[in-house]
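Annotation comment: TrEMBL describes 149-159 as compositional bias 'Basic and acidic residues'. The domain 'Oxidoreductase molybdopterin-binding' annotation in TrEMBL covers 1-44. Marked as domain 'Moybdenum cofactor oxidoreductase dimerisation' by TrEMBL: 66-164. According to TrEMBL, the region 'Disordered' annotation covers 146-165.
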Amino acid sequence: MNGAPLPPDHGFPLRALVPGYVAARSVKWLRRVIVSEDESQSQWQQKDYKLFGPNQTHPDWTTAPAIQEMPITSAITAVKLGPWTTVPPMKAPGGRLLTPPPEARGREAAVTGYAYSGGGRRIVRVDVSLDNGRTWDQAKLLADTVKPGPDRASQDHGHKSWAWQ
């Protein structure tokens, strides 16, 4: 691990890593391996690794698929309206769409954020709408900002675009 022998706390003598999958799939300690076409009956697989939306009041745990890969995730981190007004990030209670304030309509807006996907795949595009989905603009993906080097080699992100504007 980082050039040193793998310690017991991190899975010595062997640790299985599954690139692109949630960390729960990279188990540290194994007693046995079971190959099966059926999902594990463990508590974690049946009740913990599943995701339901806030509007699902009676989720069906038995048929919901377990989370395997990290889902595509994105966020708007800043909105700048014109040269002088900055709107901080806002939450939409109950999932409703937020609309720009009346004084912002018809003006230019600069939007920045991030996006990442699971499975080690690149984000290939980000589309942004400022009018509740009536029109869309494709964001410009920004290049990785971390460069490999003698003191930063472990921080190289492998050219995965993650920031956009």
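Along the chain as shown, the residues are counted starting at 1.
Using N, Cα and C of the backbone, Cβ positions are placed for all residues, glycine too.
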Taking DSSP helix as H, G and I and strand as E and B, the domain 'Oxidoreductase molybdopterin-binding' (1-44) has 8 helix, 1 strand, 35 coil
Restricted to the domain 'Moybdenum cofactor oxidoreductase dimerisation' (66-164), the mean pLDDT of the model is 67
